[in-house]
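Notes follow once the structure below has been shown.
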């Protein structure tokens, strides 16, 4: 007989009612101990099973869960020894589910379950039973407690907490590498039979993965699983109770397993040779192109570092790794020249930056390729022989003297001729010119170091065949000093001498300045232009001199001011000198030499003017002022008379407008509607310079239509005033500069004039007078770029 058949027979036997299990008898114990239930059971052979009486007894019934019969499920029977079978006793049931889930027959003591019971909801029920006299309702037995225990059946399948699991394992893992553990639970009773004993198996995912039957741990089952071949796997795991035997219940779950990347693939260039091109005019740092090695790995395992390891252009080019695209960007390191070299060859290497030592045997994890770079010819601008030029010239050179020469060449193989010119924005005064053919710079105006010591010019070199292709170079002209300025007094000296001065007394210390700047420094000499009996000059030999008196006593009544010519000369070549005159006043001083007064009395007393003379002069001035005031008053009185004394007098009313206006078509500058509509004028204001003899009522004239021409409007108004008797007996002349409907005058604007200097002829500036001589020199003095061939 097989195990399954034994289990089925056991289940059938458990479902059949057995008196030995279900009938409990009440028995009275003839001593004073508490009453208890007595039990009588029968074995399989039909013989009674006896046990020793006790003062208490723990009773329990067993009931299978999930009963599917149509009648109430029989639980057991209670019976008391006092029950004679005459119906005098009544059985009462209380406790868990009494009266609802469990009912008892009052007469027989049979207990039934009214509905299906699920052990997973509640495993046992505790109830209390008692037998009472039906007539007296007094208990004939003490209350006894018993338990109904629910026997489990396999009615719950194993379940997983997650319907879908997600797991990962590195590729190339060895067999048996743990991936993830899944665990299922069974609601059945694990202590009763095999209903809750779970066995795991794999339904889908072989032969790549396996699962341990007892633990549910999923492990790799194949070696060297490669992510680059397959990355995703779906594994279905089954959990079955009853120890995995037939008839057990099962549940499944899905596990999605991803192979994570490891660095097991080296980088590879798709091409062994790569060709790139670049113009020779590309500046340093220009990106020429990119190279890229492919790597089947991902993330940091695919990171590649590029470098130039060999070739004839290692010093001309660089390569930079672009992290986001994993490309190698080749850039220009030094200026290129097509005429010098036209082709470069580089050997570029790509290597993984993160190498896993476990996979060294799959290497080497690097690759190389050949990069050939062709330099393309470009029409380059001229190249000067220097990056800048410095010329030094003395300020006294003659006009037209060459101060230096700039040189440039065409780097192209065609070697086009070059034309030189000066940027006039750097030489507004046109002091210099340049020979357009050979680049010689010469002077066109005198130089003066004292005005400008440096001149910063910009020379332009352009190909004659392609003038737009040009280059500039700075030219610094330093003006060297020549001794062409005479020394002068450093400041204006206010010198005085006291009347009580002694011979040899110092009255002033003088110094000088010179605009020149000799190499050896300034050195001045001071002397008198002629021998002076009153003063002398003593040179201190430190570019200063002292003015000393030569005699005792001075009188401001005799001479109030002395003029002393002093000769100042320098020591450079050629020697320059100048004569400065000191004005020395004679002043009254105290005993300490402090000036008190100088020339107030000295100017009055020698002229012989007394106080009376001064008063007479003051009176004359007052009389003259009175005459002027009277003349002005008479002038104003005459203005009150009528201004127009003659019929021939014509008065002009001049109104000044400080704007140009827009011509006769400008209708915004002046509202002509007022002229065309005299009704807008409230009344005519009469002239205020005379009183009219007769007052006439102003006559209103009809307004002219808006489309009337201005000329017709003026003629109409003129005719009306000629025939108007109320018009004043004098003429009022109004001038209208009427040009006509269509002006034949052309625009005076120079906006559309040619802007090229060579297209303009400025010779007419000389005919405009001396005010335009400067412009004539600047624009009509000759070509800036003088061609001398």
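Note that Cβ sites are derived from N, Cα and C of the backbone, with glycine treated the same way.
Automated prediction, rather than curation, is the source of TrEMBL annotations.
According to TrEMBL, the signal peptide annotation covers 1-22.
The annotation domain 'MHD' is assigned in TrEMBL to 57-318.
Taken from TrEMBL, the feature domain 'Cadherin' applies to 80-160 (among others).
Across the range of the domain 'Cadherin' (161-269), the DSSP-based residue counts are 3 helix, 46 strand, 60 coil. Annotated domain 'Cadherin' per TrEMBL: 161-269 (among others), in sequence order.
For 270-384 (among others), the entry in TrEMBL reads domain 'Cadherin'. DSSP states for the domain 'Cadherin' (270-384), grouped as helix (H, G, I), strand (E, B) and coil, give 10 helix, 56 strand, 49 coil.
Across the range of the domain 'Cadherin' (385-489), the DSSP-based residue counts are 3 helix, 48 strand, 54 coil. Feature annotation from TrEMBL assigns domain 'Cadherin' to 385-489 (among others).
Taken together, the residues of the domain 'Cadherin' (489-603) have an average pLDDT of 88. The domain 'Cadherin' annotation in TrEMBL covers 489-603 (among others).
Positions annotated as transmembrane segment by TrEMBL: 603-634.
Across the domain 'Cadherin' (80-160), the DSSP tally of helix, strand and coil residues reads 0 helix, 35 strand, 46 coil.
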